[in-house]
């Protein structure tokens, strides 16, 4: 226990990027909202200026979600500036253009675009390994949930799934010549099977066209339905991924109210139980949401106890002003400490860094090597 407290304290010292701030006198509320508002000693504003102020207040008023977050977690008056290590690459290149054109042609969606992933340019263009990758998003581009970190569109009644989507996705992926693909989806609480049948069909059709391809399915929680989990876990995939997104203590502040930590852990346990031997399980969390090092360590311990093989850590990036603010920018040194700790805990692979995302190209490269090594061992044993 003493060692864990020491590690948490060490992480806390390296954790936060905190630029200096100047302190100035505090103006009145109306002066803060409208710099042209006179001081209390001056004459009262005209009716026209009052009407203008009311319009500004209405336009800038926080949503109920923003108000709730400000009470529960706390917000900053100004967004934190990005530190030097949070640099994004501008997308480009022939492979990038080719993948984007094919996606538009078949009316397919990627989480890379919908979630504004900072690694989109690297993954689509091939990056260091030369193999282009993309994370395909099925079941449409509209989610039935409204997590406070996610930029995907939401609706209680999204359009019905395209029955041709499994075939279109399989054909598109097969034509790209990839070795490893990630298939994910929005939440579809409106469907009787939560979309699990559509998911399984997509994997199965792809296996027919490209039997040698390694497939990772990054799935929603299916409301914890064991039958839905089993349907996807036994569809022929190699990696069953489901993200817990944040530490246990911040679940209600970060995720939709229909999601929770226990339900996600149970989904990962069920996947390990139902999937064929050798199938890897994987999860991911964002840092910079207000968590403490001790909470991260505790969450890692519970994830590992659920039998999860792979865990990734990345920096939360606010997609827009409508989403929850970044609490802090976690330093690369702190990310490295979490990676090292994860390896010590027994995770087979840990990807941890500011720009890492759950579907991360470098991680997929190492996971592919792990799967091939497991296959080689199994063949030798036979």
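Glycine is treated like the rest: Cβ placed from N, Cα and C.
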Looking at 25-47, 48-70, which stretch does Swiss-Prot describe as region 'Disordered'?
25-47
Beyond 143, 147, 150, what residues of that chain have CB atoms within 8 A of the centre of the [4Fe-4S] cluster 2 site's CB atoms?
145, 146, 149, 151, 152, 154, 186, 187, 256
In terms of DSSP three-state secondary structure, what is the assignment for residue 143 ([4Fe-4S] cluster 2 binding site)?
strand
